[in-house]
Amino acid sequence: MNSYSSAAPGKRLEGKVAIITGGASGIGATAVQIFHDNGAKVVISDVQDKLGQALADKLGEGVSYIHCDISNENDVINLVDTTVAKYGKLDIMYNNAGVIDRNFGSILDTPKSDLERLLSVNTIGGFLGAKHAARVMVPKQKGCILFTASACTEIAGLGSPAYTVSKYGVVALVKSLAAELGQYGIRVNCVSPYGLATGMSTAGVDPALIESSLSEMGNLKGQVLKTDGIANAALYLACDEASYVSGQNLVVDGGFSILNPTIMKAYNLIN
């Protein structure tokens, strides 16, 4: 006989403890609020101390801030251990923190230092977060590890070579960890966004102009991807409704990555 249970509306993470890296701004800050609204105790991890602490103070009880440079393993160890000491467990590790290229350029114009910076945060930082989350989840035989990747892992040209390789590493890590950690009841997934206007991506440009350009280029008309679209996708993967979902790259791009522009152009010419 099938059994079905549902958490109270708006409380899909009731009783859960979550760490969200890069949680002081952008996608991370929205995820912090949505996870908190859904009943989770949330630890914000970031290097933007004023923003992170201000968000924790705004949301109040059940939300705290810990400074953490995710490319520094000692910082990550402290983040996880402090969370477990405070709340007694860690249910969800959302490795969301990331950086983009200073200049969106070709491989010919990309210095080695830019590649190393992207790999250090986007790939190695996520690796370290997953490593130390798994360290405390394995004895409990359960847990959820999430990442933010990118739709550039699905279609060429959405990101620079350096950024793309750093995010491909995340998707590869998701698949590898899902295979390794499944025996311990730990699920591992990622969310891959299409372009969206955040403080990091706009870099002083009017967000409305960025959104207009992305909407014009995008496949799904009449909709604009915002941070809550990604945070809600992460919420689904984090909650018990996704209890048998692991090893997946949930691409949130309005169908952009499955579109063949050559075919669409030919179709328009014919008609």
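Placement of Cβ uses the backbone N, Cα and C atoms for every residue, glycine included.
Marked as active site, proton donor by Swiss-Prot on the basis of similarity to another entry: Ser150. The annotation active site, proton acceptor is assigned in Swiss-Prot to Tyr163 on the grounds of sequence analysis. Per Swiss-Prot, the feature active site, proton donor/acceptor maps to Lys167.
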Rounded Cα separation (Å) that holds between Ser150 (active site, proton donor) and the residue listed as 'active site, proton donor/acceptor': 6
Helix, strand or coil at Ser150 (active site, proton donor) [DSSP, three-state]: coil
Cβ neighbour count (within 10 Å, all chains shown) around the residue listed as 'active site, proton donor/acceptor': 25
